[in-house]
Amino acid sequence: MAHPKLDRDLVIVPAGAGAGKTHRIKTQLSDWVKSKTVRPERILAVTFTEAAASELRERIRSGLLANGLVSEAMAVERAYVSTIHGLGLRILTEHALAAGSSPQPRHLGDAERDLLIRQALAHSKALDPIKQEPERYGYSANWQRGESVEDSLRARVLAMIDLLRGLGETGRDRKLIEPALARLDAIYGPTLADPVSARDALLKAIELMLTAFPEGGMATITSKGPREALENNLALFQRVRKKPHLLENDWQVWQDLRGLWTSNSRTKTPDGYDELALAIIAQADALPSHPGPLEDAKKHLLCLITCAQEVMQAYEERKKALGLIDFADMITGAEALLRKNPEVRQAVLDEIDCVIIDEFQDTNPVQFALLWQLGANVPRTLLVGDVKQSIMGFQGADPRLSQALAKSNPASTQPLDRNWRSTPAVMKFVNAMGEGLFSEDYNPLAPTRDPVDGIALEILDLHKSRAVRTASKPQEHVAERIACLLNSAETITDRHTKSARPIRPSDIALLVCRHSTATRYADELRMRGVPVRIAENGWLNSSTIRAAIAALSYAANPQDIHAALLLRTLGPDPISLQDALSAQLDGQLARDGVLERLREISDSLLRLPASAAVNLVVDTANIRPWAASQRDALQARADLLRLEAEAIEFEKAHRDLKAASGFHGETIKVFLGWLTARAGERDFDRRPDPSANTAEAVEIVTWHASKGREWPITIVAEFDNSILERPGTTSVSFEALDQIDDIASVLASAKLIHTPSFVAPEAQKLFIEDRRSDFEAIAKNLLYVSLTRARDRLIIEWPSFLKDREEDAPEASCLFHVFKDNCKPILTDNALRLNGAECDVHLKQMADIAGFTELKNGLAFQSIQLGKADRLATTQLTPWRVQPSSASAVGKRPVSRTIQIGTPWEAVVNDALRGSALHLAIHGQLLRQDLEEELAAATGLNEETLTLVADRAEALKAWLSDAGYSELHCEIPVLYETEVGTLINGTIDLLAVGPKGSILIDHKSGGSGEGLGPYWPQLAAYADLVAKLFPKHPLQGIGIFWIDHGSLELVGQPSVAVPTEPRANSAIV
């Protein structure tokens, strides 16, 4: 569907790092609202995280308040500022009938999603060729990560599914397959015309070797290394002789035959051995052009795409039948709904005046399609982003879409030109680096901050690699430098106060590329006493969770001796393992107090939901107080809260889905099994962060996770990390980017780009090099993101330990190579020159052995320790709000006297509606007889009844007048706050005022007409209110006017007051 070029206000804002993009959004919105072109409640703003959405809403509101637009700022609360998934979900739910979906869809959790996909995978036949020979296609178990062959294959299929779903309906098109396979043929190049002859020639060469050297040519070899190499050669030859079919599809065998050991300058093989070995190598060197690996790669890709599309179809049908949606559905479903239903799209557009999209460069194709259907058709659109910071390609983001949009609308592009984050000295480096990486595509940013004293750029020159064993590794040097910084008197400029202050741990961020590397740096920092904040694994193996799970296991099964031993030796009030084992052997362990308490609640757990059972067991075993006493109490508490949250998640999971996974029931035993089954999920073992952004600790984050953040001091490490695209990666390209206004055509032009895995390095290199421009572009963006996080000081871990590149392979293979090739750095003792721009630098040459400096004032930065949990004092509660009509009073009911002022009516009907009508009629007849004609319409009472009411009112009025109370006030609303804050509100039916004071009368219809009935507490409450609110009219009497019975039940001055404080035998409901 093509979108027409509309007369609209489109603004595209390329915003460099620290350029103030949120300020730009706020300013633009304020201008639109101030000029009355945009109503604040009709703003649609989209971000990619909940935190960003919350911050954007607050910044928009503050911008309007700063311009004096108070009512408009309040109206922003009704604007729709959310994540893109939140927008998609809103569209789907508000237009569920048009979409043919449930108006209340249930969100599918990751575990449930995995289950449904597993079920669909089990029925898919497309993967059968790979399942039969997984090793042939590169799948193997990874026991270090606890990953089986099935896990590896499923992860690959899931990645393909995510990629295809990001293309919307195009991802289900079978036409994607043929071009993807044709690309493999084109890059692989010409293949052997007769692979069978090549195989036979290789077999013949191996047979000649075994005939000539049946013992492997080791008779004269004594050196250990060469002898082992020849033994491996012989084993390989014998393996091929025994199983010649290996040469038909085991390409690793071919590659191993290419690497046979032959003589060197120090060790010589027997005469004739090298010639035969070289003949084998020559025959095996046909591997890079052998058609077999190519055919395997094509079959592998075909199976993956076909299976992914089959699973997608089955998965979608199953979700729809169950009324479920996942995160991807929120985007794909909303995009399809807007595209296929112009009425729905127009209904959404009718509710908004403008569209604002933050981080637009991070949209994937279907997200772009969803947003652009709105952005292209509203009067005003503001797109903010920076393609130089597009690093989310692993999540499907494609910056080429936003680049194409900017290219097709050059007049709408308004790049920002200032930086609000970094000092001028840091910005000098940033601008030089940016121009080197992006050339003319970089817009230099002028610093707005004033210069500050101190070092702005520091280089830690490292000469020993991460694999060194005889010297200190890079993480040791970096940790030592951080400890020295914290012990020094150096300062940074506080972001809020703008004044200099000493460096604190939270001022420092360490950026690394991999989580495994982050853990090594964290260990070194902790050894020096430096507090560290890091997203790390280990939740299931943390002492708190192990003790809690042991307590749950024992409570669920008191025969579980292992759980009992684990709990009593690890958990609260632990005993030694020797004592615990001895007690068990003597039959005394079961008498342990903690275990006895858990056995007592064992039966009750069967009747409790998982979340309640977890809380009961944790309390019974005293896990919480023990966790609060741990060295890192906040982390222990956070771990426990995560366990409680998992129990709640278990309860919420759909019963049928759990049953399909083999989990039947809701008991603790089932919950523990469910927890164990999820242990292999991605990030499941990640420990929760107990401090959010408030921890006083050095923060270690990945380069990717640092995006959008800033710190006074940033240390950028791991420049030596590889940039090469991993074999097995699949991505997407678009051939119709020049038609960006027709997003449907762009999506239809999608092509799959697959990098297969080959054992022949020559073949592998062909595919890696074909992708070089893309992964080098990503590397440039990563460099730009990581090197622009610093406010005051940037410290670079300079990898001088990298070897020079080979002359025949000058291509960049790591991040530092990309930096070096584009920025041409020249490092001297006090300067770093980048493409001619010279930046002052503090160079520190790292010695072979790093120092070991402990943090001096480490106690000042330790985590908060939780104190002893004491029970709070009992607080007596008081009601927030009461009504006299619901009060129950203290004391005896007073004696009343009956005053008959009329004859009883014949029929008494106690009806609430009739009672309200009679109250209104009495009120009208007492005060406004001139409105008698309107009373019939207002009350619904007939003329006969109104005549009776008029007589009653006249008789009551005459009696009050004779008693000296001629000033009448009806339906008086009253509100009173007691000394303890309780609000008492009600309505006084009639207050008659005279020279002596007043009389309070409450009208009642129906009833027995005898005495005060059950209404004395209500009368007493109203009497107290009159005494407090109308002190000028002292109360002379209170009574009930029984309308139907024509009697007034009257008592003198009341002796019971409305309670202002709680009483033992009094309650106001």
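Every residue gets a Cβ built from N, Cα and C, even glycine.
TrEMBL entries are annotated by machine, without manual review.
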If I go by TrEMBL, the feature coiled coil sits on one of 601-630, 631-660, 1021-1050. Which?
631-660
Compile a sequence-ordered list of residues in the same chain as Thr22 (ATP binding site), six or more apart from it, whose Cβ lies below 8 A from its Cβ; state 'none' when nothing qualifies.
Glu55, Leu56, Arg59, Asp358
How many other Cβ atoms sit within 10 Å of the Cβ of Ala19 (ATP binding site)?
24
Tell me which residues of the chain lie with their Cβ under 8 angstroms from that of Ala15 (ATP binding site), as long as they are six or more apart in sequence?
Lys21, Arg24, Val384, Gly385, Asp386, Pro415, Leu416
At a C-beta cut-off of under 8 Å, are there same-chain residues at least 6 beyond the coiled coil (631-660) that contact it? List them, or none.
106, 109, 111-112, 115-116, 119, 322, 324, 539, 542-545, 548-549, 609-611, 613-615, 618, 623-624, 666, 670-671, 674-675, 687-691, 863-866
Around the ATP site recorded as Ala15, Gly16, Ala17, Gly18, Ala19, Gly20, Lys21, Thr22, what other same-chain residues have a C-beta within 8 angstroms of the site's C-beta center?
Arg24, Asp386, Leu416, Asn419, Trp420, Arg421
Starting from the Cβ of Gly18 (ATP binding site), draw a 10 Å sphere and report how many other Cβ atoms land inside it.
24
Using a 10 Å cut-off on CB atoms, tell me which of the binding-site residues Gly16, Gly20 is the least crowded.
Gly20
With DSSP assignments reduced to helix, strand and coil, which class does Lys21 (ATP binding site) get?
helix
